[in-house]
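Going by TrEMBL, these are the annotated features:
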DOMAIN    16-306  domain 'G-protein coupled receptors family 1 profile'
REGION    347-371  region 'Disordered'
TRANSMEM  46-73  transmembrane segment
TRANSMEM  133-154  transmembrane segment
TRANSMEM  208-232  transmembrane segment
TRANSMEM  253-277  transmembrane segment
TRANSMEM  289-309  transmembrane segment
Amino acid sequence: MGMLVTSVVSVLGSIGNALTMCTIIHQSCWLPPRMRSIPKLTADTVLIFNLALTDFLYCILALPPLVATYYCIYSNENCTWLSATMDKFTLCKISAFVRHFIADCECMTLGVMALERCVAIYRFRHRRYQSSFFTPINTAGICLLLWLISMVALSNLFHNNYGYNEKTFKCDYLKNSSYNETTFKFDYSNNSTCTPGWSNLVSPRGDFFFFKFIIFIIFIVMGYFVILYQIYFSGGSNKHISMAIRRFQSTKVIRRLLFVYIICILPMCIFNIIQTYRCFNPKYIELNIVLYCIYFIQYFANNFIYALGNKKYRYAYKQFYAFVCCSEMPVPMQRAFPLQDDQASSICSTESPNPDTASLASDKTSTSSMT
C-alpha cells in the first residue's frame, strides 16, 4: 500500500503541480493582458505558485526515496545498493533533510495563505483598497523568506540528526540512537537512551511535528474560521453585495481545506508526537505507513483545492493547453463581477452573475409588470 500510494502521488502530484506553475507563468509572462484569464498578478497567485512549487519538489525529490524504501520492506530484500548509500550516511541523510525542509516550507506557506485571505476578506468587507502589505512583490519576498527560514531551522541539524531510521523504516530523524563509527550502524537496543516523557518533545522530531505542524495548523484552522465568521456575519452596506456568491464560493473552498487538514495532516502529527513522547514503538510501523500515505495525498489534493477549484484557473488551464497544442487561443471569460480588491476577487470566484446587474434587471422586470 505504501509503495503504491507513494508512487501514484509522486507521479500525479508532479504532473498536476508542474501544470499549475506553467499555467501561471504562461498567464503572467506570455499572454497579453487582454487575453489573460488571470488578469493581474496578485498575492494570492504568488502564494499558489509557491505552494505548487513546494508540492512539486516534494513529489519529485522526497517521495521517490520513500518508494525505494517501501520496496525494500515489501520485497524483504537487503537492498545492498540502497543500504550501502544509507550506511555511508550521505544520500539518506540528504533525502531526510530535503523531505522535512520542503514539508516545513509548505506548512508555513499554507499559514501565510490563511493570513492573506483573512486580510483580503477584511478589505472586501470594508470596501478598502488592496492591502499595501500583501502586494505581489512583498509576497514573493515573504515566500523567499519562508524558504530561508526552513533552511536555517533545519540545516543546523543536518550533520547529526538525519539518517536511515531502522524503527521508522525510512530516512528520518535519529533521536535516541547511538552511532557506531566502526559498523556504520545505529544501535536502538539500549532502551535507557530513551525515557518516555515530555523531554522527548524538546528534540528535532518533537520540534518538527509539534511546533512546526500542530501550532501552524491551529493558526490555519483559526484563520479560516475567522474568514467564515466575516463572510456569514458581514453587516452594513456589504450585506446586499454578493452575499450568496461569497458564502457559496468561499465556504466551499474552506470546507475542502479544513477537511484536508483534519484528515491528512492532523492524524500523522498526533501519531508522531505520541510516539516521540513514548519512544517510537516498531510494532506500530504499519499504522505509521498508513498515516503517512494519507498525509502524502495532500500534496496532490492542494492543486485541486486552490487551482482547479477556481473557474479562472480552469480557464487558464484551457488556454495553456491550447498554447501547447498550437491551437486557437480561447477568448478569456468576461469578468461579470469586478471588485475593488483583486485579492478578494481571487477568493470570491466570479462564476455567478453580477448581483448589481441582476438587481437592475429585476427592477426593470417589476417596473414593466406594473405598467
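Including glycine, each Cβ sits where the backbone N, Cα and C put it.
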Result, the transmembrane segment (46-73) in contact with the transmembrane segment (289-309) (3+ CB pairs under 8 Å): yes
Distant-in-sequence neighbours of the transmembrane segment (133-154), which means Cβ under 8 A and at least six residues beyond its ends: 41-43, 45-47, 50, 97, 100-102, 104-105, 108-109, 112, 116, 119-120, 343
Surrounding residues of the transmembrane segment (46-73) on its own chain - C-beta under 8 Å, 6+ positions past either end: 2-3, 6-7, 9-11, 13-14, 17-18, 20-21, 24, 79, 82-83, 91-92, 95, 98-99, 102-103, 105-106, 109-110, 112-113, 116, 136, 139-140, 143, 146, 169-171, 289, 296, 299-300, 302-303, 306-307
